[in-house]
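**Q** Sharing the record's features from TrEMBL:
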{"type": "ACT_SITE", "residues": "His40", "note": "active site, proton donor"}
{"type": "BINDING", "residues": "33-40, 150-153, Val179, 187-190", "note": "ATP binding site"}
{"type": "BINDING", "residues": "Gln64, Gln156", "note": "(R)-pantoate binding site"}
{"type": "BINDING", "residues": "Gln64", "note": "beta-alanine binding site"}
Amino acid sequence: MAELPIVRTIAGLREQVRAWRAGGLSVGFVPTMGALHEGHLALIRQARGLADRTVCSIFVNPTQFAPTEDLDRYPRQEARDAELLATEGCDLLFAPTPAEMYPPGFATRIQVAGPTDGLESDSRPHFFGGVALVVAKLLNQVQADVAVFGEKDYQQLLTVRRMARDLDIPTQIVGGSTVRDAHGLALSSRNAYLNDAELSVARRLNVILKQAGLAALSGAPVGQAEAQAAEALLAAGFDRVDYVALRRAEDLGIFPGDRLGAPARILAAAWLGGTRLIDNMAVE
Ligand code: PAF
């Protein structure tokens, strides 16, 4: 297996992408914050199916973390990640330093309205500004034909899509299905924070969301299905629920009249000790 080339500068990245383009090759891109798991690797495989060459970025982006959040303890394991990427046939790892991404004097902010309203923004008001900023930069840097983002972060996916459209970024934004463990728990780098007892509680999240979706599909008022799911999460052992929400899948809009319309998505965020988990799924 060939060793994966790693570039840490925007100039080095552009040089490689330019060379591929000169050879008539298309480019796919998967942005990550590292600590790669099967969910990320599925996105790499998807990107490989969509383009001739695949770039993965690993950058733990400080602008999407609030000062109280887990930036410092976010898992970092670049050597292992690089091996996994090489095994998957990824062609290039872009792993810039914070100084390369945000040099002294950096002053630009990006604010996306619409899909960022509510849900994650209610608990993490800084989050989508940081994500939009770093993703706009990464998309400009890589200049890929297609970029794949996980549906696990569904509100993020819609936000990135909106931003790319609004800023005329010519990269096609594609969603990748959430990968789950045998118990249905959505894979996430933050699952590494959970002890065994927390892990078994975490595995209730997808089950409770599925039940709430089915209740709404059978005619329960949306607000009632959401409230019952939040109660069920607390009863299962979650310490706090930020939200459970049944929304329009297309734009996360609220259903009028408290009745489900199609297509719908159920989304939730809940805390287990110091770990915040999110999940979402189609309601069908
Ligand atoms: O989903 C993530 O891992 C991050 O939010 C992203 C898209 C790589 C931006 O930092």
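Positions of Cβ are set from backbone N, Cα and C atoms, glycine also.
Automatic prediction, not curation, is the source of TrEMBL annotations.
What you see is a predicted model, and the numbers here were worked out from it, not measured in a lab.
Let's see these features in context: how buried, what's close, how far.
**A** Packing around His40 (active site, proton donor) is summarised by its Cβ count: 27 other Cβ atoms lie within 10 angstroms of its Cβ, all protein chains included.
Under a cutoff of 8 A between CB atoms, and with a sequence separation of 6+ in the same chain, the neighbours of Ser189 (ATP binding site) are Met33, Gly34, Ala35, Leu36, His37, Tyr74, Pro75.
Counting only same-chain residues six or more apart in sequence, the Cβ atoms lying under 8 angstroms from the Cβ of Gln156 ((R)-pantoate binding site) belong to Glu120, Phe128, Val131, Phe149.
Classification of Gln64 ((R)-pantoate binding site) by DSSP places it within a helix. Within 10 Å of the C-beta of Gln64 ((R)-pantoate binding site) we count 21 further C-beta atoms, all protein chains included.
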**Q** His40 (active site, proton donor) to Val179 (ATP binding site): how many Å between their Cα atoms?
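**A** Just about 9 Å between their Cα atoms.
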**Q** Counting across all protein chains present, how many other Cβ atoms fall within 10 Å of the Cβ of Val179 (ATP binding site)?
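**A** Excluding its own Cβ, Val179 (ATP binding site) sees 18 Cβ atoms within 10 Å.
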**Q** Just the recorded positions from Met33, Leu36, His40, Glu151 whose C-beta lies under 6 Å from any atom of ligand 1, please, or none if there are none.
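**A** Those recorded positions that pass the cut-off, since their Cβ is under 6 Å from ligand 1, are Met33.
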